[in-house]
Amino acid sequence: MTNKEVGMEVQEQHNTIHWFRKGLRFHDNPSLLHALRTSRHVYPVYILDLDFMKDFKIRCGANQWRFMIQCLEDLDERLRKYGLRLFVVRGSAETFFREQFRRWNITQLTHDVETEHYHRFRDAAVRKIATDAGVEVVNYVAHTLYNIDKIIEYNGGTAPLTYRKFQKVLRDFGAPPQASEMATAEHFANCSLPPEDLHDEKYDMVTLEELGVKCENPFKFVGGETEGLRRVEKHLQNQGWITQFEKPKTAPTSLLPSTTGLSPYFSVGCLSVRYFYHRLNNIYAKAKDHSLPPVSLQGQLLWREFFYVAAAQTPNFVVMAGNPICLQIPWYENKEHLRRWRHAETGFPWIDAIMSQLQQEGWIHHLARHAVACFLTRGDLWISWEEGQKVFEELLLDADYSVNAGNWMWLSGSAFYHQYTRIFCPVRFGKRTDPNGTFIRAYLPVLKDFPAQYIYEPWKAPLKVQEAAGCIVGRDYPFPMVDHEIVSQQNLELMREIREQQRQITLLTLEGREDESSTSTDGGDSRKRKRPVHPANDDEIIKVVVTTAL
């Protein structure tokens, strides 16, 4: 149904539950608009099912819970201005709907479309309950730029697994649909709630205390649509920055996000990707020239869409076993190495500072994500990308089922990315953009008094320098857990052998180098290499950029 058709609908007299999931917003929320335009009573509902999260191993850390509750509080506050409220439900969606359809005399259920397999499983169960109860179910696509199922259908029933193939499909589709209008007082005017339901304390806001969660970390991201829209407007005022934005040219060592910092808001649906996409279009249309995908801001939204499409069609997308597009790599199992990586104890200050920032703030720059992901997997520790994915899912504010898994497969060299010979150096890469170690000093205060000469390699500092800095390596800060030069070369040889053995899997996400930017990649076939390839040094910059951090 088009936005125009939605706008022309005749006011009906439904009793409607609008089920908020990721679309925690008033703008570009066509299912919410449909509920408001066709109903007398509207019950806005958010369902918090901890057992569901446990069953499907959905991880959520303290920073995420705080951000999510802020989003829900913002949404509730906005609803109350128009005489409604947010009903926060604890427990099973199926149980809730089975009971409340009857109790509230519900005749209609509205919600947006989800793409994750576990949400589709739950939606099917809820739809069956609604059908049995005589409740009409209406939903709209709003969390993605396009209808993911239609993209797959157009591509012959399979997901395009390279960015170039994906772009070919999108050229036929044209621009994404326009965002629907903002829900305003006019839309809410004819909707109400019975007084006894409006004041029902059973569905009051969830708190961190109720969840048994403590979060004392300072935060740079306040949850909610109000803050998300404020940030969008602030960025869009700088049109020169918007038009010239190129993802690889942003700084991973900046103490404030050098990208937009909008990804947490897109992840939970406080911001609409369609809204942002078309606002960018308006700016591009007035510019003499502007950056283009894949490195432009619109390109980052398309990368997000690409991974949503791939995840919707690929079995076992978030694991290696049974995943048809993922190399089956015999990763090492080393719980102590994994623990030290997670808790910023690798002995490499650049890596540890990034992981410390992740723990504290729930956000790190996309190139910083590249660095720590490469270190954990193919670069140094040779530990499965699944383990890193779990940590990011728990700690990142913008953790996303599709994008998180896609990026971890990419960065570990397991799928999509074929410049596997490019390995981030855990010393030189950070030093290139932050030679004085300002970022390290901020997030690893134990090293703050080291001279710049040694801040990236404190183990090389003479004992007198360490004593003067108040930090003895091996006592106050660990020695490096591996010799990067040795293990990175060993891992490179392992990866080369594995890719040769599993060449057919590699080819699924490879298009004859057309998605590659580097002239040194061998496309997975070591026999065609004209010169030996070594791990990347500090002068080499990976130009193929994927996004988890707008």
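Just so you know, glycine gets a Cβ as well, placed from its N, Cα and C.
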Matching range for TrEMBL feature annotation, coiled coil, among 8-35, 176-203, 204-231, 484-511: 484-511
Mean per-residue pLDDT computed across the coiled coil (484-511): 94
Residues near W385 (site 'Electron transfer via tryptophanyl radical') in space but at least six apart in sequence (CB under 8 A): M320, W331, A373, L376, T377, W408, M409, L411, S412, S414
Per-residue Cβ crowding (10 Å cut-off), top of binding-site residues T259, S263: S263
Recorded positions listed as W303, F307, W331, least Cβ neighbours within 10 Å: W331
Other CB atoms, at most 10 A from the CB of A399 (FAD binding site): 24
